Structure formats: structure tokens, C-alpha cells
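Trainee: Okay, handing you the structure first.
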Amino acid sequence: MRRLVLLLAISLLLYQDLPVRSEFELDRICGYGTARCRKKCRSQEYRIGRCPNTFACCLRKWDESLLNRTKP
């Protein structure tokens, strides 16, 4: 009887849909500290690779006017 209860408990635990990824893994830093892990990159971001949790590694786009600035 104990084995039956134990098998039932184990099967119920295995039947539950356990989360594979936690929400804490979202917004992790990737890309040598310059980008973020996201499910989908935002419109102002480039996808530069994949994070260890298989999300996209998203780098924010640069403003062209900031890159071509010269001091007067």
C-alpha cells in the first residue's frame, strides 16, 4: 500500500507542468555586458546572438548623431 501511495505521489509531481525558465533569467546581461537577454528584441534593439537560456541577446541601437559628433 505504501508503494502505491509513493508511486501515486511521484506520478503527480512529474505530471505537473514545471517552469523551465524563471522570470529572473529575463533581462540578464549578455554580449560582454553591453546587451540584455529578452524573449523578443525591442524595435530600438539589434539581435546580436543568443543567451544561455536560449533567449535573444539584444543590443540597443546607437544614435548616429552621437557617433559623428565633433567638438567645435
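Each residue, glycine too, has its Cβ placed from N, Cα and C.
So Swiss-Prot lists these for the protein:
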| type | residues | note |
| --- | --- | --- |
| SIGNAL | 1-22 | signal peptide |
| DISULFID | C30-C57 | disulfide bond |
| DISULFID | C37-C51 | disulfide bond |
| DISULFID | C41-C58 | disulfide bond |
Trainee: Expressed to the nearest Å, what is the distance separating C58 (disulfide bond) and C51 (disulfide bond) at their Cα atoms?
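Mentor: Just about 9 Å between their Cα atoms.
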Trainee: Taking only C-alpha atoms and a 10 A limit, tell me which of C30, C41, C57 are near C51 (disulfide bond). These are the disulfide-bonded residues.
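Mentor: The disulfide-bonded residues close to C51 (disulfide bond) (Cα within 10 Å), listed in sequence order, are C30, C57.
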Trainee: Would you kindly give the Cα-Cα distance separating C41 (disulfide bond) and C57 (disulfide bond), rounded to the nearest Å?
Mentor: 8
Trainee: In whole Å, how far is C30 (disulfide bond) from C37 (disulfide bond) when you measure between their Cα atoms?
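Mentor: Here the two Cα atoms are 6 Å apart.
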Trainee: Would you count the other C-beta atoms found within 10 angstroms of the C-beta of C51 (disulfide bond) for me?
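Mentor: Step by step: centre on the Cβ of C51 (disulfide bond), count other Cβ atoms within 10 Å, giving 19.
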Trainee: Across all chains shown, how many C-beta atoms besides its own are within 10 angstroms of the C-beta of C37 (disulfide bond)?
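Mentor: By my count, 20.
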Trainee: Among the disulfide-bonded residues C41, C58, which residue has the largest number of other Cβ atoms within 10 Å of its own Cβ?
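Mentor: The largest 10 Å Cβ neighbour count belongs to C58.
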Trainee: Please list residues from the chain of C30 (disulfide bond) whose Cβ is under 8 angstroms from its Cβ, counting only those at least six apart in sequence.
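Mentor: Looking at Cβ-Cβ distances below 8 Å from C30 (disulfide bond), excluding near sequence neighbours, one finds R36, C37, G49, C51, C57.
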Trainee: Have a look around C57 (disulfide bond) and count the other CB atoms within 10 A of its CB, chains all included.
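Mentor: Summing over all protein chains shown, C57 (disulfide bond) has 22 other Cβ atoms within 10 Å.
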